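Engineer: The structure is given below, and queries will be raised subsequently.
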Amino acid sequence: MTVRVRFAPSPTGMFHVGGARSALQNWIFAKQRGGVFVLRVEDTDAARNKPEWTEGILSALEWIGIARGSYEGPYFQSSYAAEHRTAASRLHEGGRAYYCDCTREAVQARTGSPHSGYDGFCRDRDLGPGAGRALRFRTPDEGATVVVDLIRGEPTFENRLIEDFVIARSDGSPVFLLANVVDDMTMGITHVIRAEEHLPNTPKQQLLWEALGVKPPVWAHVPVVVNEKRQKLSKRRDKVALEAYRDEGYLADAMRNYLMLLGWAPSGDREIVPWPVIEEEFRLEQVNPSSAFFDEKKLRAFNGEYIRALPVAEFVAACQPWLTGTATIAPPPWQPDEFDADTFAAVAPLAQTRIAVLSEIVANVDFLFLDSPLIDEGAWAKAMKEGAGDLLDAAITAFTAIPSWDAESTKSALEAVGAEHGLKLGKAQAPVRVAVTGRRVGLPLFESLEVLGRERTLTRLRAARVRLP
């Protein structure tokens, strides 16, 4: 038997990080078994679907390593409407479904509760199709439905507690439960790996599989992804769009490494693991069924580690969208003709150790490509206290006099200036750093001065001095 898994997102918004994790888990599971990964776009919500969301899904999958052309599809659920209707008719003709004209208000009036569920009122009324009549599945009165789940064992659901659920609306269109099952049957899906939130629907879907005469797939319900308050990640409340992380400058390798750790751990005590090792070691049976915390701070730290591990040439290439202004986040304040690739290459190894996401590169190097630094007034107020003017005067004199302009020489000169003013180097360099770079923190100061050059450094020190009494 060829293993066939599917990833079935809906094109109704940005691509959710939880969906990305499910896609990767399906992808690895199929790859380990020489199987097939099927992409099915569940596009039946015409009011919310947009072509750009579908393209966003394809682009996001490609970014995390699931390239176009390496999987089967994409198929579109809307293309299978005829199959959905045929399945609904089979269930009705076989006595496994019946028409119902009950409104919610009528059910509530009979049961006395808005939460009691459907009471089976129309089971034996022998209604035919018509306006206001939905098609309901006839759930068995006895027995239990056992779901074989690779992560959760064998959850068992008493059939008498499963209400007769709707499988087709009064206009004949199928609901999600039926369409999903029919599509999986049509595509020969053998394993369904998806989020825990779908588990309550699983006994209903398994009953549909059995009623249609097909062996159900093997199920695997991975833990739901939650925020720091243990709430399910929400598009309205949390930062969940994979594209947002990509655009901010997270690396794909860091992102997919982190996503795979949501509910699973590799061997040993390591967490940053080469992708081939993850592909080899991952086992669905080892996934923890408890909720998985999406820790953005930890992801950020992961990304910083991945950035620092890049060869410098790859780091320089990765920064290009932000340096050239083609990125959508953190546009550079300089004009294209002001950017100098050689200058950036000189400081790239210094910047590489100080950023956690690529978009931070602009704020770290902007002072190198502007005529004047962008002064952070808060940093200015803290650095330019009493005595700062005298210290800048002394630094200008010292920097003018040194015979060679390099990091070691400028450091020695400023150390001497600081000693004359009773200051250690850390205190002495604060006014100089703000005057030259505009910020209190950033790249190593003296290496930055070397790249900036003597004349530009002195020009900025003099400009800062003019602002002081």
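Backbone N, Cα and C define each Cβ position, glycine as well.
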Engineer: Can you say which of 9-19, 152-162, 328-338 is given as motif ''HIGH' region' in Swiss-Prot?
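Structural biologist: It is 9-19 that Swiss-Prot describes as motif ''HIGH' region'.
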Engineer: Would you count the other C-beta atoms found within 10 angstroms of the C-beta of Asp124 (Zn(2+) binding site) for me?
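Structural biologist: Here the count is 8.
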Engineer: Do any residues at least six apart in sequence from Cys102 (Zn(2+) binding site), in the same chain, have a Cβ closer than 8 Å to its Cβ, and if so which, in order?
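Structural biologist: Listed in sequence order: Tyr118, Phe121, Cys122.
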Engineer: When the number of other CB atoms within 10 A of each residue's CB is tallied over all shown chains, which of the binding-site residues Cys100, Cys122 has the maximum?
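Structural biologist: Ranked by Cβ atoms within 10 Å, first place goes to Cys100.
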Engineer: Grab the pLDDT values for the motif ''HIGH' region' (9-19) and give me their mean, rounded.
Structural biologist: 92
Engineer: What does DSSP give as the helix, strand and coil breakdown of the motif ''KMSKS' region' (232-236)?
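Structural biologist: DSSP composition of the motif ''KMSKS' region' (232-236): 0 helix, 1 strand, 4 coil.
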